[in-house]
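Colleague: Take a look at this one; I'll ask things after.
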């Protein structure tokens, strides 16, 4: 029995769910989503919509057939399709007297702490003004993010949920949820109602199936689930064509597959958990033990450094933690040289400042930052 307590929900709608077979926008479907979102708002539940479909809509408008593989072509399609998509959302919500606000983001909005906070402030202000935030990736200026990182907005929606203190992420797709086998190939495949841990079996089941109008697949949804579970909010995959699916899921009806949170992080901890690291710091066993006991990371515990980063950037610490660098990679190399020189003298470096303070370190489980699938 589900017992959800939802104050803020992110509803992500995939390309296959909101677009017709020809790639054009299904206006009737958008109107139905708008009706459900407005009903949620009348109950005091805030709803953020993450909408795919810009590339598909643009491709249809331009009379192009099939999947667009060239990045520049995808960006051109997105430039045409995004305005069509927002017009459709505006018209859908206007039926119920609601305004919408467009928010286009790239990965940098989640890597940089200031931009991360500004995104949350903008969404909070839209809610204060009684408008509905409509979020999409800024495909026009993105490069590899179009497919390699966000994956049809699945992981983007998880990042939006994490950065806005949302309680629930609902991924609406064209399947009923996660199955124990491929339901297209095996009629005896069973729906998995609850996932408490992302295991190798779950990753294998998810596979990598996509179709030509969607850049995402079940694997990208599992990657989104890893972010959700690590950052402390519930995620549910459900069929977007189910009648009143948004209202029913938020009301705790057992629809689709639910991924339960494994951690409960503060907003800042969520940012640390999923932000993409600019470098990797390798440390000795003594430094690892110190970090696990709640202490800071000192330069003399570092064995090697990968990547270039600035003061304030996120760095990965081994394979078990992440933190905020107190000085740049160049400054760190100077500190490490001083440490080595003191060791050669048989002395301990006395003027050692913490490279990562204990308050800026978080232990990670699923390594849910975006780079790669």
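Keep in mind that glycine also has a Cβ here, set from the backbone N, Cα and C atoms.
No curator has checked TrEMBL annotations; they are predicted automatically.
Per TrEMBL, the features are:
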BINDING   12, 173, 174, 215, 216, 217, 218, 219, 220, 221  ATP binding site
BINDING   52, 139, 153  substrate binding site
DOMAIN    279-356  domain 'PUA'
Colleague: Starting from the Cα of residue 12 (ATP binding site), work out which of the binding-site residues (52, 139, 153) are within 10 Å.
Modeller: 52, 153
Colleague: Looking only at the domain 'PUA' (279-356), what are its DSSP counts of helix, strand and coil residues?
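Modeller: With helix first, then strand, then coil, the domain 'PUA' (279-356) has 27 helix, 19 strand, 32 coil.
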Colleague: Give the distance between the Cα atoms of residue 52 (substrate binding site) and residue 174 (ATP binding site), rounded to the nearest whole Å.
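Modeller: Distance (Cα to Cα, whole Å): 13 Å.
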Colleague: Among all chains shown, work out which of the binding-site residues 139, 174 has the most CB atoms within 10 A of its CB.
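Modeller: Top count of Cβ atoms within 10 Å goes to 139.
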Colleague: CB neighbours of residue 52 (substrate binding site) within 10 A?
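Modeller: Looking across every protein chain shown, the total is 29.
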Colleague: At the level of the C-alpha atoms, what whole-angstrom distance separates residue 174 (ATP binding site) and residue 153 (substrate binding site)?
Modeller: 15
Colleague: Near residue 153 (substrate binding site), how many other Cβ atoms are within 10 Å of its Cβ?
Modeller: 29
Colleague: Compare all C-alpha positions of 52, 139, 153, the record's substrate binders, and send over the largest distance in angstrom.
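Modeller: Maximum Cα-Cα distance: 11 Å.
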Colleague: From the Cα of residue 220 (ATP binding site) across to the Cα of residue 139 (substrate binding site), what is the distance in angstrom?
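Modeller: For residue 139 (substrate binding site) versus residue 220 (ATP binding site), the Cα atoms are 17 Å apart.
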Colleague: Is it possible to get the count of other C-beta atoms within 10 angstroms of the C-beta of residue 218 (ATP binding site)?
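Modeller: Taking every protein chain into account, the count is 23.
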